[in-house]
Amino acid sequence: MTEAEPASPAKALLLLPVLLLLAMFFASAIHLFSSGFTDDNGWSLRYFRQIVNRPDYHVVFARTILSSLVVSVLSVVLSYPIALLLWRTDRWRNTLLIVVLVPWLVSLVVRTYGWLVLLGPKGVINAMLAWVGVIDQPLALMFNDLGIIIGLTHVLIPFAVISILSSLLAIEANLEEASGVLGAGGYQTFRYIVLPLSLPGAFTALMVIFLASIGAIVTPILLGGMSHQFVGSQIYQEVMYTFNINKAAAWSICLLSISFLSLLLLKLIERRLIKGQE
Amino acid sequence: MSSMNRLAKVLGIVLLASLPAPIMIVAGASFSDSSYIQFPPEALSLRWYRETIIDPRWPRAFAISIGIAAVTAVIVTAFNFMAAYYTQRYAPRIASALELAIFSPLFFPHAAMGVAMVALIAKLDLIGTAPGIILAHLIVTLPFSYRPIHVALRSIDPDLIRAANVMGASEWRALNDIVLPMCRSGILTSLLFAGIISFDEVTVTMFLIGPNITTLPVQIFSFVQDSATPVLAAISTICVLVTFIAVLVLDRVAGLAFFVRRDGA
């Protein structure tokens, strides 16, 4: 349905419910900005100054940004073999897709709990390693950055698989055949045809995953613990334990600025890369 | 060359298998008889499932989650259908602007979204109420539900509707007899997708619960922090089962191709 028809003004009411929801979302976003710049006495930069002046908060920001970077790159790299496998299979694709989709859609808290069971000091991995005799002291696999990175990567890989697979499925089959006919081997075809054509999907995944991990709360709280805070877990504490919505809003504004700048940067890199290939 | 292919394939299989592994291990541990998490379980029993059902808090949170997911899915699908139908039929010029606005919540990191929602719901005095949680879930699921509906509607040839109108069918009749049946899979996808997302949502929801209402994932979250009983394994397994069944239904009624189709939408 693309060609417009004349409509009675009453029909425009059909847009109303969605517009109302969007209005509420945008109002809450604007409110978030105004409350970040206010305290009990009116406009103020107090909470931003607090955030900027605390060295331990700098560590939180650095940890959040660096871990999110690692998680995004790791997720995309690890997703490629899975996406290629699904792309290459015809008969089993649907079944394999279910194996990707179900973990993706299962609640974040359930999946993170799974990692708690695996990575804990008495967890399955440590128990197994001890049983085999490789270790006699449990390894510190969680309550540190490693735990957060493992948990977040696992949570976000399915999205990267879906995104890359969409790009792969859009590649025309005869392109590959042509490459084969012209004498290219499997690796060459992958390097010069498949990989470049799937880059847009990989970049979408990279951006969405960076955004998701930089704003994560549940995984850092459960797998990082109190000593390894993320911006998200700081925000959660501000709202739920110190009831300081204004400070939480200031944190959120910092978070939004970082994600906005990173998206801009990624877009630039993407344009460079894709242009460089043409 | 073929050895390289084989290596990539093996790697793909190993990585693919690792995706469901943690939840499978939790599911395995949920059938254990011991009072702490154990995998593989030494003795099999349904003890922790019994405890889950006996403790009234879990069935209650489960019912609340299912209820909120159902209401959210129906409302968000209806809203999106109305908006998408109107823009595509009468105002295609605003289609891309509307889409951009609908997708904008996706660019909000979860933590910032949580703070924005807690402020909104508090302003409306709906913290700790079902309508408050549903309202937040409507905003969170809006972009996910829009896409399948938009794609389904766009695939309908406008001449079909015009033909129906020429033959004397009213707008309503054409909608009912042509548009809705042809959008069936898009609508079902939206219902199930939004339902699953709402049922499993935790990051935004945990800011909005109150003494009288909590959802299943949020209750799991608060239990994980202060107790480690295998009840959590049992309840997690139930969560996984619900999502799994919903995905199977989705596959049956609409197909999963929607997730990996790249059609500019």
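Keep in mind that glycine also has a Cβ here, set from the backbone N, Cα and C atoms.
The range from B:127-146, B:167-186 that TrEMBL describes as transmembrane segment is residues B:127-146. Tallying C-beta pairs under 8 angstroms between the transmembrane segment (B:191-211) and each of B:61-86, B:98-121, B:127-146, B:231-260 places B:127-146 first.
Two recorded stretches are said to be in contact when at least 3 C-beta pairs lie under 8 angstroms, sequence spacing 6 or more; the transmembrane segment (B:127-146) and the transmembrane segment (B:231-260) fall short of this definition.
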